[in-house]
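Enquirer: Take a look at what Swiss-Prot says about it:
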type     : residues : note
SIGNAL   : 1-24     : signal peptide
DISULFID : 37-61    : disulfide bond
DISULFID : 42-63    : disulfide bond
């Protein structure tokens, strides 16, 4: 009986160490940024037709302007959007559908 208790204690200790290692390695990894959306402002200004358009925001970035909608000339901040990959699967009816991987 003592050997069984020792074995259970050993398994619990190994499991706790494994879980601790998983969490500590995740915390030490930094997010890699490519910098295309950082520390650059985007603008909302009128085009040649007088319509307010947003400029200075490349694909993959979001321009957030903290000004009222009626303010035509305004500056904003760019944020990088997260990217996800989608996979296409075929349903039983034969029509393709798009699903996000978990």
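Placement of Cβ uses the backbone N, Cα and C atoms for every residue, glycine included.
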Enquirer: Going by DSSP, is residue 37 (disulfide bond) part of a helix, a strand, or coil?
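Expert: In the DSSP reduction, residue 37 (disulfide bond) maps to coil.
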Enquirer: To the nearest whole angstrom, what is the C-alpha distance linking residue 61 (disulfide bond) and residue 42 (disulfide bond)?
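Expert: With distance taken Cα to Cα, residue 42 (disulfide bond) is 10 Å from residue 61 (disulfide bond).
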Enquirer: Give me the Cα-Cα distance between residue 63 (disulfide bond) and residue 37 (disulfide bond), rounded to a whole Å.
Expert: 9
Enquirer: Hey, what's the Cβ neighbour count for residue 61 (disulfide bond) at 10 Å?
Expert: 18
Enquirer: Just to be sure I understand the packing, how many Cβ atoms besides its own are within 10 Å of the Cβ of residue 63 (disulfide bond)?
Expert: 20
Enquirer: In which DSSP state, out of helix, strand and coil, do we find residue 63 (disulfide bond)?
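Expert: For residue 63 (disulfide bond) - judged by DSSP and reduced to three states - the answer is strand.
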Enquirer: Within 10 Å of the Cβ of residue 42 (disulfide bond), how many other Cβ atoms can be counted across all chains shown?
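Expert: A 10 Å sphere around the Cβ of residue 42 (disulfide bond) contains 21 other Cβ atoms.
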